[in-house]
Structure formats: structure tokens, C-alpha cells
Amino acid sequence: MYPAHLLVLLAVCVSLLGASDIPPQPLNLYQFSNMIQCANRGRRPTKHYMDYGCYCGKGGSGTPVDELDRCCKVHDDCYGEAEKSQNCAPYWTWYTWKCGSDGPQCDDSETGCQRSVCECDAIAAKCFAKAPYNDANWDIDTETRCQ
């Protein structure tokens, strides 16, 4: 084997070792993001919902700050119910849906866990599209406002 080949092989191995420390992203969040874009017809980027209020984004506590934040709390609760009643892993559950004229629609062939998680996401995406967005509630200090 040529020395150049060994260097390339070593570089690939080192790259893979470094990548193993990066946590995988939940597959479902990609679908949920697309559902949000379907529901709001691309009027607001999905990232604007990732750190909003007390419940939009990772975790959640306290009282929702507004209607949009309530949508996120309902979504969190819906995922919690799917975990309990369907023994689901909502963040990892892949489902089939389409973007219709009324917004996201879950495929009728989906049942059980996939159906539950899809409905949680579709309902939340439609709720996001209807709720007003208050820039002052993005990236708030959750330690003081979400008790």
C-alpha cells in the first residue's frame, strides 16, 4: 500500500472518531420543520420557533407566555401522551404526510405510534400558523420568566 493511501485512510478514521461524539439529530424534527413550513406557507422560518417562550424548543416549564407558546406546550403534552399510551419515541418516529391546501395532512395508512406523532405535529404546525408571533418572546430568559 502506498503511503498516501495510508494517510487518507488514517484521516478518514480520525474523522469518524470525531463524528462519533456528535449526537444524532432526531429524524422527526426534520419532518416537523417541513410541516411548519407547509402550514405557514413559508412566511416564517422554522428556526424562529426553536427558542420561543417557555415551551418552544428544548424542555419546557412554567406558564406559556402567549398563544404560540401554548401551541408548543400542547405539542409537548401530545408527545408525552404518545410516549405513554403508544410506547412511542416521538422524536425518532418517521411517518408519512403531505402538504395539502389545508396544511399538513397525515397519511391515512399510518396507524399507532406513527399516526399519533404525525397528528401531534400536524396540529402543532397548524396552531403555529394561526398564532401571532411576538418577537419579544423569542430567546427569553426562561429562568426568570418560566417558573
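Cβ from N, Cα, C; glycine included.
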Identity of the Ca(2+)-site residue among ASP66, ASP76 (reference: TYR55, GLY57, GLY59, source: Swiss-Prot): ASP76
Member of CYS118, CYS120, CYS127 annotated by Swiss-Prot as disulfide partner of CYS78: CYS120
Candidate cysteine (CYS54, CYS56, CYS71) that Swiss-Prot pairs with CYS127 in a disulfide: CYS71
Recorded disulfide partner - CYS88, candidates CYS72, CYS106, CYS113, source Swiss-Prot: CYS113
Candidate in CYS38, CYS72 joined to CYS56 through a disulfide, as Swiss-Prot lists it: CYS72
Cysteine of CYS118, CYS146 paired with CYS106 via disulfide, per Swiss-Prot: CYS118
Local Cβ density at CYS120 (disulfide bond) - other Cβ atoms counted within 10 Å: 25
Proximal residue to CYS127 (disulfide bond) among recorded positions GLY59, HIS75, ASP76 (C-alpha distance): HIS75
Per-residue Cβ crowding (10 Å cut-off), top of disulfide-bonded residues CYS54, CYS78, CYS118, CYS127, CYS146: CYS118
Entry from the disulfide-bonded residues list CYS56, CYS88 having the most other CB atoms no farther than 10 A: CYS56
Position of peak Cβ density within 10 Å, selected from the binding-site residues GLY57, GLY59: GLY57
